[in-house]
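In Swiss-Prot this protein carries:
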- T13, R83, E84, Y135, D245: sn-glycerol 3-phosphate binding site (BINDING)
- T13, R17, T267, G310, G411, N415: ADP binding site (BINDING)
- T13, T14, S15, T267, G310, Q314, G411: ATP binding site (BINDING)
- R83, E84, Y135, D245, Q246: glycerol binding site (BINDING)
Amino acid sequence: MTEKYIVALDQGTTSSRAVVMDHDANIVSVSQREFEQIYPKPGWVEHDPMEIWASQSSTLVEVLAKADISSDQIAAIGITNQRETAIVWERETGKPIYNAIVWQCRRTANICEQLKRDGLEDYIRDNTGLVVDPYFSGTKVKWILDHVEGSRERAKRGELLFGTVDTWLIWKMTQGRVHVTDYTNASRTMLFNIHDLDWDDKMLDVLDIPRAMLPQVRKSSEVYGQTNIGGKGGTRIPIAGIAGDQQAALFGQLCVKEGMAKNTYGTGCFMLMNTGEKAVKSENGLLTTIACGPSGEVNYALEGAVFMAGASIQWLRDEMKLISDAFDSEYFATKVKDTNGVYVVPAFTGLGAPYWDPYARGAIFGLTRGVNSNHIIRATLESIAYQTRDVLEAMQADSGIRLHALRVDGGAVANNFLMQFQSDILGTRVERPEVREVTALGAAYLAGLAVGYWQNLDELQEKAVIEREFRPGIETTERNYRYSGWKKAVKRAMAWEEHDK
């Protein structure tokens with residue numbers, strides 16, 4: 001019998017990846033392609049949907065060729081994706097009517113201000129689990145329909161379709177036969193009622209978005225359709241798992257029980273805590289979102305999103321030219337014993353949880369004559385850990401659960417300095433898994449469970465090997481002293497930009 005594999009497609013903010021996994025959850029082959037970031041105006045971020053598709057489909061062909069695996073050896077494909085990014089395209093031609101508006105894009109801040117003025121904040125929080133912020137898809141879709149001539153009428157006639165990136169990829173992979181999303185992605189649109197598990201008529205009405213353009217919403221682990229892309233001949237492969245990247249990582253870390261949490265250090269930082277079948281309403285600026293239970297069914301989670309994590313290290317490299325490679329940041333940070341009193345607040349696109357201030361801007365505080373580039377590099381790394389503590393404090397207050405260990409993943413977890421400082425500043429154990437590709441793992445697990453490739457999560461439990469554990473190495477007084485300096489710095493970076501700009 002030929003060995004069968006699972007493929008995870010991981011469509012991220014800066015690159016598209018394909019990962020092949022075997023039955024023991026080992027990574028057999030990986031392929032990755034970066035694509036262009038488009039910045040039409042300050043604070044605006046776009047992608048070309050056709051380039052997203054081209055990069056993702058080519059990685060799929062490439063990853064199979066690399067491993068010398070034929071398409072009939074693929075048991076299923078799972079998809080995980082950058083969330084909230086909004087795409088609108090023509091049903092007939094499959095052609096986008098505008099670029100994808102990316103989750104980081106702040107262009108809809110004025111639409112969000114109007115929603116607040118109209119007194120909708122409580123309704124939105126209670127029903128969608130979200131805060132009013134340009135981050136989510138709903139206001140992005142409204143912006144496209146407002147600015148592309150004739151598009152709203154066409155959407156009403158059923159000629160246009162909306163989707164997050166998962167929906168767009170599946171539409172392309174099935175040649176326009178399947179228009180679908182899953183609960184985790186739908187819960188990020190600000191258009192979805194997370195309690196009724198259906199699109200919210202009031203939100204569609206408020207944002208003037210025709211229901212006809214929305215995808216069908218399904219659970220995260222089931223067969224949605226078939227694709228024969230990248231295959232020799234006509235082998236049809238089931239597409240059987242979908243989850244937004246952060247929910248996929250939560251599942252890949254096997255945080256499927258109430259009170260388990262993970263933090264992903266990518267472009268941004270995303271901490272999620274599974275709250276089981278209970279949708280916990282946050283009083284502390286966190287999001288209530290949908291996650292996956294043990295067999296991909298609906299569970300709820302609390303989430304805190306930090307917009308700038310790895311992106312702030314890229315800023316040190318690309319704009320400030322203080323390092324030539326992101327990996328060098330650890331070396332330079334450890335050349336000094338502390339930050340010499342410096343705090344970097346990387347609020348380049350405003351602040352996420354728990355502050356939610358789109359008008360905050362980046363700042364460096366505490367500069368004195370003795371500060372050198374190493375101090376600034378170290379302070380930038382430390383800012384990632386401080387922002388994570390901001391989120392964890394809010395999470396513990398909302399859930400009433402004291403976290404005993406934080407599971408971590410994402411590119412920046414290779415940085416031992418950052419992981420140790422993270423443990424120091426949280427006063428909590430930090431667990432780094434052996435397999436770092438947990439987002440892809442999550443998508444693969446969801447797809448594999450749907451087609452019976454794996455029977456249940458117990459089979460996967462032993463795959464969750466912790467490679468290294470970091471334990472707090474500083475005293476509580478020192479920890480709190482440093483953290484209070486951070487809070488002071490954040491306060492001063494807030495509300496920098498004028499509201500009416």
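Backbone N, Cα and C atoms are what each Cβ position is placed from, and that goes for glycine too.
Not measured: the values here are computed from a predicted model.
Features recorded in Swiss-Prot, as mapped to the structure shown.
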| residue | record | contacts (Cβ under 8 Å, 6+ apart) |
| --- | --- | --- |
| T13 | sn-glycerol 3-phosphate binding site | Q82, T85, V102, W103, Q104, G266, T267 |
| T14 | ATP binding site | E34, F35, Q37, T267 |
| S15 | ATP binding site | Q32, R33, E34, F35, S55 |
| R17 | ADP binding site | L9, D10, Q11, V30, S31, Q32, R33, T59, A440 |
| R83 | sn-glycerol 3-phosphate binding site | W103, T164, V165, T184, N185, R188, G244, D245, Q246 |
| G310 | ADP binding site | Y265, G266, T267, G268, A326, G410, G411, A412 |
| N415 | ADP binding site | F327, S329, E330, L381 |
Residue pair Q314 (ATP binding site), E84 (sn-glycerol 3-phosphate binding site) - Cα distance, angstrom, rounded: 22
Cβ-centroid neighbourhood (8 Å) of the glycerol site, R83, E84, Y135, D245, Q246 excluded: Q82, T85, W103, R188, G244, F270, A305
Sn-glycerol 3-phosphate binding residues T13, R83, E84, Y135, D245: largest Cα-Cα distance, in Å and rounded to whole number: 15
CB-centroid shell, 8 A cutoff, sn-glycerol 3-phosphate site T13, R83, E84, Y135, D245, site residues removed: N81, Q82, T85, V102, W103, R188, G244, Q246
Cβ contacts of E84 (sn-glycerol 3-phosphate binding site) (under 8 Å, same chain, 6 or more positions away): W103, Y135, F136, S137, K140, T164, R188, T189
Candidate with sparsest Cβ neighbourhood (10 Å radius) among Q246, T267, Q314, the listed binding-site residues: Q314
D245 (sn-glycerol 3-phosphate binding site) CB neighbourhood, other CB atoms within 10 A: 27
Candidates Y135, G411: member of the binding-site residues with the richest Cβ shell (10 Å): Y135
